[in-house]
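Notes for the one structure printed next.
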Amino acid sequence: PFSPPRKHPQLTGLNTGTLGPLLSLLRCFLEGGPCWDLVQADQPGLVASSAGPSLQPKVPPRQAHSLWGHRAGLPGCPHPAFLLPAPQNERQKAVVDAFLHAWAGYRKFAWGHDELKPLTRSFSEWFGLGLTLIDALDTMWILGLKKEFQEARKWVSKKLRFRKNVDVNLFESTIRILGGLLSAFHLSGDILFLKKAEDFGNRLMPAFRTPSKIPYSMVNIGTGVAHPPRWTSDSTVAEVTSIQLEFRELSRLTGDKKFQEAAEEVTRRVHALHGKLDGLVPMFINTNSGSFTHLGMFTLGARADSYYEYLLKQWIQGGKKERQLLEDYLEAVDGIRKHLLARSEPRKLTFVGELNHGRFSAKMDHLVCFLPGTLALGAHHGLPAEHMELAQALMDTCYQMYRQMETGLSPETAHFNLHHTKILKDVQVKAADRHNLLRPETVESLFYLYRLTGDRKYQDWGWEILHSFNTYTRVPSGGYSSISNVQDPRHPQPRDKMESFFLGETLKYLYLLFSDDPDLLSLDTYVFNTEAHPLPIWAPS
């Protein structure tokens, strides 16, 4: 059934020692998989640097001739598995240890539920869809945790059902569940995850049935009824403009254009709206009128942040051909420089503030620390060099948000000192903002900055942060807990919640940060969604 190797350029350069195990994987997947036992990094050639990037699913589905796709009744699937080496150094091993400790708590006290409550050794539900488990699938694969991955895969196969009367948030469920399933599919080659992704994607589609084509933020995946929050008819701009990577990829894999068309219609409409300020967008958009609301308020924090991230990443995902996305992104970066940048005292830290009807606020959410990584990624893909300079300056600031706290952990929100006073710290924290939720944005940007500059200080900063997580948030019985006070190392006040993104994002980015292999999920092959789930960059048609 196989054509001669010369007809398959993606196999060029593979020796027989590599091809044999790949054929074994092929047979295993055709017989129903899963095939983790065949994926051994110590087999010659079966590592990401040799087999991974050259075999990525870059062919549009209608042009693919995948045996997995034909077997499943779907037009295209990836190669059998993205093959990864074992942890290569002590820092990576420390991340694996942290993950296994967190996973042990989840497995023992919250298995199949959304989130672990590590202090009370119980669980909480948000959607009732095993959120932490799905968010962590690709992390387990990347860390080489085959036993844990197989057990989680079995739960997905036997227990994960979407026909249930529950409201889910379109944005959160897209980036975590849909993104997690798509990424698990791409890395493992297991068709189960694509089937689940397609089922879930179909159940999210009613959210787009609005007068304006701007989706509702909530949708019941059992009844198909979508609606805005009870208190408003608005959606946030970040919610409706940060689902495109996932819906576009789902269309590419299934050949069903409806997912991509619905998501890209949102992008087109937001592009044409009035109310922007030099590329900066307000935080809210009305699902009835399709217009921005709460005009004059601009932030790169909550409710707007990933709008900017997805402009760049869609452009990269699509092969850098969609000019409108690039132009909107470049205009927004100019708008940030013009309206939101300032420098603190006494260390002259560059930070991104907020604008409220023309009045500048020196307030910066930890969420904004995605920006250094995004700017660096853009520079890597050919955008102006000054974007990298700004990325490095902002990276220093995000690190100082950790460094200047007594626990070594950042608050949820910082306020920067703008005046020459006796205050010795640039970063000021209000009582309501002193909590830390185990967020990933800073270590995410550290990963990009190290990967693209090679400066080992970024690895060292990440190592400090991991040490602080272990010191102040690790729960002895299993899991990690968010804390209420980053300024009190004696009484950090654990909050009894481990967010799914700690496993899905924070530990994944730390593991990648500590790798010295640029081909480990190469930034020329993959683009990460805003929940750290890698999706392939499309090859030219």
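For all residues, glycine too, the Cβ spot is worked out from N, Cα and C.
Since we're looking at a predicted model, the values are computed, not measured.
Per TrEMBL, the feature active site, proton donor maps to Glu172 (among others). DSSP assigns Glu172 (active site, proton donor) to a helical segment in the three-state reduction. Here Glu172 (active site, proton donor) comes close to Trp126: these same-chain residues lie at least six apart in sequence, with C-beta atoms under 8 angstroms from its C-beta.
Here TrEMBL flags Asp305 (among others) as active site. All protein chains considered, the CB of Asp305 (active site) has 25 other CB atoms within 10 Å.
Annotation source TrEMBL lists active site, proton donor at Glu412 (among others). Within 10 Å of the Cβ of Glu412 (active site, proton donor) there are 20 other Cβ atoms, across all protein chains.
For Glu441 (among others), the entry in TrEMBL reads active site. Annotation note: Glu441 (active site) sits in a helical segment as assigned by DSSP.
If you look up TrEMBL, you'll see Thr530 marked as Ca(2+) binding site. Residue density at Thr530 (Ca(2+) binding site): 27 other Cβ atoms are found within 10 A of its Cβ, drawing on all protein chains shown.
Neighbour list (Cys369 (disulfide bond), Cβ cut-off 8 Å, at least 6 residues apart, same chain): Leu394, Cys398, Met401, Ser410, Glu441, Thr442, Glu444, Ser445. Taken from TrEMBL, the feature disulfide bond applies to Cys369-Cys398.
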Surrounding CB atoms that lie within 10 Å of the CB of Glu441 (active site), all protein chains: 24
Inter-residue C-alpha distance, Glu412 (active site, proton donor) and Asp305 (active site) (nearest angstrom): 14
